[in-house]
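S.K.: Pulled these features from TrEMBL for this protein:
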type	residues	note
ACT_SITE	297	active site, proton acceptor
ACT_SITE	384	active site, proton donor
BINDING	136, 137, 138, 267, 268, 269, 270, 271, 272, 567, 568, 569	peptide binding site
BINDING	296, 300, 319	Zn(2+) binding site
DOMAIN	469-611	domain 'Peptidase M1 leukotriene A4 hydrolase/aminopeptidase C-terminal'
Ligand code: BES
Ligand code: ZN
């Protein structure tokens, strides 16, 4: 029998978790969390005699009967699997029949090796005065924050008491139970409750010098005090995104939708932690041009958080669907051409990653096999953009938005609170189309080349056609540079009407051509001043264009960018490209080694591999 989730060591077929309660003290001196987790479990199988949990680099201080905490349980921390951690086997005193509730209390603490946590020294924060801690659990790092059944198919509610040194504040991916902390001596206890069931990878915690500003009826943005104004200005569209999501799908379930803007080392653009999306400060462009990441994370409130993939092999159900909804929101708010343009940018990201992994690499299948594979190593644009393209193709093929949008809503209603696989997704699609529209749509579905879409590596089997309204001028300009690569004519006027996105697309097109001569890059920079641009998406592409041509004047700029932010989308390709330049390899390694502590553990580990520094 193949396992439902090859990336967990927990016995999820025999027993499941219903609720998780955390009691943790945050110890900045020793950089560790100390406390306990109380798990409320339910047996699924007959004769369950043990509970196996996932852990990774945790110290276990004891396991007890949750109902009678005097009574300890026998347990064993098993041998470490380098990718999936150490399972914790807890022996139950009596074997239990199916459908029995039980509670298990595990006392534990985290260590320096825990990949979910990044501890920042005061010097690594904006304020320079207080330390900072944040977590990142997706995909399989929750097990290094708390012993649990770390599989996305196990959906739980959770609560927590976090004991935090004054004057710092704690926030979690849950509703705040007390606005003001309970004061006990020197410590402040913040309490949280998440009442909607969700997978373990959405447990999230941040502790730091945090200030909040209301930006909507159900939204507060949080950040270090020094950038709170900037954050509040950048993300004013938040409520409109949520409302548009509600129009497209179902009422927003999670109560509040807050945003947290993290320090520069946050490894992702955004992370959809319920009630509190985490975002990178690289979104603060000062012109609201990068807020589609917020639309994306909001779309996860339905796709991923409410309707969840059962395993990382079906990750596209989270991210492909979320891209699809993100672009629906963008289309509703800014017009269909913006949606079409965003989809074309997606194709560029997909092409880049399919090239990087290799066109016949099985990790470029929409549903890859992940037995023995760390999901972090499999991460790419494929689930996002091949997933999006499948849904976009289906929308066209089945008769357009008037058929597809009601289906989308029905899908969320049907699977809300559940986890599913791709085959369950497909079954529901067939059932819905047959029931609502009859055999005609079933015939259309039967024409879809499912094997190619779901199980074949490389680019999608169908090339969707997108409207060129916004991309045309970019493509033309890139063509002009390519054709006149030896004697370019350029003027700032060429791009004066371009939106930031169009500049990005132009640079993407330039990246596709042969490396430009250095004098041509110099002319481009003179006319367009790309080196000066602070918008992180433009800055990243321009640096990539220069590195592709081994244009050395850009090196100091690349280093500058690499040491103020650690978002993997930028950091990994830039390090790889610098490393690939014969005159840049040493600089790439030196820069990384010198700044190793700045990067988040997840990011550091991957760059180490990219630069051939892993042992
Ligand atoms: N859930 C992801 C981030 C993630 C994926 C973390 C896999 C860990 C493992 C998040 O929603 C996301 O997709 N972020 C993107 C933003 C985007 C596509 C607009 C990012 O970080 O760039
Ligand atoms: Zn996402």
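Backbone N, Cα and C define each Cβ position, glycine as well.
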S.K.: From 136, 268, 272, 296, 568, which binding-site residues have a C-beta atom under 6 Å away from some atom of ligand 1?
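M.R.: Among the binding-site residues listed, those whose Cβ sits under 6 Å from ligand 1 are 268, 272, 296.
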S.K.: Output: those recorded positions from 268, 297, 319, 568 whose CB lies less than 6 Å from an atom of ligand 2, in sequence order; none if no residue fits.
M.R.: 319
S.K.: Reduce the DSSP letter at residue 268 (peptide binding site) to three states and note it down.
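M.R.: Coil, per DSSP.
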S.K.: Within the domain 'Peptidase M1 leukotriene A4 hydrolase/aminopeptidase C-terminal' (469-611), count helix residues (DSSP H, G, I), strand residues (E, B) and coil residues, in that order.
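M.R.: Tallying H, G and I as helix, E and B as strand, the rest coil: 100 helix, 0 strand, 43 coil.
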S.K.: Out of 138, 270, which of these binding-site residues shows the lowest number of other CB atoms within 10 Å of its CB?
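M.R.: With the binding-site residues 138, 270, fewest surrounding Cβ atoms within 10 Å: 270.
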S.K.: Can you give the largest Cα to Cα distance in Å, as a whole number, for the residues 136, 137, 138, 267, 268, 269, 270, 271, 272, 567, 568, 569 that bind peptide in the record?
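M.R.: Largest Cα to Cα distance for the peptide-binding set is 17 Å.
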S.K.: Between the Cα atoms of residue 272 (peptide binding site) and residue 297 (active site, proton acceptor), find the distance and write it as a whole number of Å.
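M.R.: The separation of the Cα atoms works out to 5 Å.
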S.K.: Cβ within 8 angstroms of the Cβ centroid of 296, 300, 319: which residues besides those meet this for the Zn(2+) site?
M.R.: 270, 272, 297, 299, 303, 304, 318, 321, 322, 323, 325, 326, 384
S.K.: Measuring Cα to Cα, how far is residue 297 (active site, proton acceptor) from residue 319 (Zn(2+) binding site) in Å?
M.R.: 10
S.K.: Within 10 Å of the Cβ of residue 268 (peptide binding site), how many other Cβ atoms can be counted across all chains shown?
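M.R.: Cβ-Cβ neighbours of residue 268 (peptide binding site) within 10 Å number 22.
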S.K.: Considering only the recorded positions 136, 268, 384, which fall within 10 Å of residue 319 (Zn(2+) binding site) when distances are taken between Cα atoms?
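M.R.: Those near residue 319 (Zn(2+) binding site) - Cα within 10 Å - are 384, in sequence order.
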S.K.: Using C-alpha atoms only, work out the spacing between residue 138 (peptide binding site) and the residue listed as 'active site, proton donor' and round it to an integer in Å.
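M.R.: Just about 15 Å between their Cα atoms.
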S.K.: When neighbour density is defined as the number of other C-beta atoms within 10 angstroms of a residue's C-beta, which of the recorded positions 272, 297, 300, 319, 568 has the lowest density?
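M.R.: Counting other Cβ atoms within 10 Å of each of the recorded positions 272, 297, 300, 319, 568, the minimum falls on 568.
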S.K.: Report the nearest neighbour of the residue listed as 'active site, proton donor' in space among the binding-site residues 268, 270, 296, 568, comparing Cα positions.
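M.R.: Minimum Cα distance from the residue listed as 'active site, proton donor' across 268, 270, 296, 568 lands on 296.
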